[in-house]
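Q: Relevant sequence annotations retrieved from Swiss-Prot are reproduced here:
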type	residues	note
BINDING	CYS68, CYS73, CYS79, SER308	[4Fe-4S] cluster 1 binding site
BINDING	CYS94, CYS98, CYS101	[4Fe-4S] cluster 2 binding site
DOMAIN	80-297	domain 'Radical SAM core'
Amino acid sequence: MNRPERLQPGVKLRDADKVSRIPVKIVPSERDTMLRKPDWLRVKLPASNQRILEIKQALRKNGLHSVCEEASCPNLAECFNHGTATFMILGAICTRRCPFCDVAHGRPLKPDAEEPVKLAQTIRDMKLKYVVITSVDRDDLRDGGAQHFADCIREIRKLNPDIKIETLVPDFRGRIDAALDILSTEPPDVFNHNLETAPMHYRKARPGANYQWSLDLLKRFKERHPNVPTKSGLMMGLGETNEEIAQVLRDLRAHNVEMLTLGQYLQPSKFHLPVERYVPPAEFDELKALADELGFTHAACGPLVRSSYHADLQAQGKEVK
């Protein structure tokens with residue numbers, strides 16, 4: 001039996017190379033079998049791309065990454081033109097192979113010790129008032145990257161004292177308590193961790209993750225920081241039923257999660273999980289009504305909603321869909 005080829009540090013694996021060794025094998029989609037994208041998912045492009053170019057140049061100049069680009073978010077043009085970006089720390093290579101996600105897999109490089117300062121300076125130069133900080137999974141690090149998150153928050157606040165910071169964190173697999181000890185030294189203004197889908201779809205969509213661990217992470221953070229809102233996001237279109245999603249919403253509320261995002265899954269390439277259905281806007285409206293009934297303080301539900309889509313407006317309790 002041949003051993004898998006050892007990954008080289010810093011090499012990005014995408015598409016077929018990325019998903020070649022996950023538990024549920026994916027058959028590449030043929031064009032004639034892919035569902036046609038409905039009109040309600042068509043994205044309007046901004047009249048000018050000047051602000052988009054400015055943000056991209058600022059990121060390149062400082063060697064920073066945005067999840068908007070790395071994960072091929074459909075809202076990139078709108079958010080960049082609005083002057084917002086979700087920064088992705090700890091590199092652009094993830095140690096996991098989730099087949100819904102377009103972020104590259106591989107063996108990451110050592111964290112950049114200068115990244116927290118460069119990030120803080122970039123945010124100051126961009127005159128941002130609300131930022132979202134996320135990361136790839138770093139299962140190679142003893143703390144899962146928690147200290148780097150804390151360092152980034154500290155440096156950002158040094159140079160930007162009036163800023164609001166939302167963190168979208170990984171699950172810190174097997175290191176939850178240690179990670180929370182570290183994160184508690186520099187708590188964010190909003191703590192976000194995405195469940196992504198219903199538990200019965202984890203094996204195919206989130207190999208290496210655990211539904212209950214993710215719920216526990218959200219609950220334990222809230223127990224330590226009762227005044228910091230907790231938030232989670234889900235995708236639809238992976239084969240789940242609306243009742244399965246409804247149960248996830250109940251589970252989130254049972255674990256004291258207050259904010260919700262719910263959007264449509266879009267297949268990044270033919271090598272990723274296929275879209276099993278496009279969920280009509282009316283069904284998102286029904287799930288939002290349920291979320292409101294369950295007591296979420298804010299629920300952004302719509303086909304193009306993403307976890308950090310207009311996160312500043314979400315945090316202010318304004319309608320986003």
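Every residue gets a Cβ built from N, Cα and C, even glycine.
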Q: Can you list, in sequence order, the residues of the same chain other than CYS94, CYS98, CYS101 whose CB lies within 8 Å of the CB centroid of the [4Fe-4S] cluster 2 site?
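A: Everything else in range on the chain: ARG96, ARG97, PRO99, PHE100, ASP102, VAL103, HIS105, VAL136, ASP137.
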Q: Check CYS94 ([4Fe-4S] cluster 2 binding site) against DSSP and tell me helix, strand or coil, would you?
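A: SS state of CYS94 ([4Fe-4S] cluster 2 binding site) = strand.
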Q: Could you list the residues of the same chain, at least six apart in sequence, whose Cβ is under 8 A from the Cβ of CYS94 ([4Fe-4S] cluster 2 binding site)?
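A: Once residues fewer than 6 apart are set aside, CYS94 ([4Fe-4S] cluster 2 binding site) is near CYS101, VAL103, ALA104, HIS105, GLY106, PRO108, VAL136, ASP137.
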Q: Can you give me the average pLDDT across the domain 'Radical SAM core' (80-297), rounded to a whole number?
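A: Averaged over the domain 'Radical SAM core' (80-297), per-residue pLDDT gives 95.
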Q: If I take the alpha carbons of SER308 ([4Fe-4S] cluster 1 binding site) and CYS98 ([4Fe-4S] cluster 2 binding site), what is the distance between them in whole Å?
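A: Given the Cα positions, SER308 ([4Fe-4S] cluster 1 binding site) is 19 Å from CYS98 ([4Fe-4S] cluster 2 binding site).
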Q: For SER308 ([4Fe-4S] cluster 1 binding site), list the number of other Cβ atoms lying within 10 Å of its Cβ atom.
A: 28
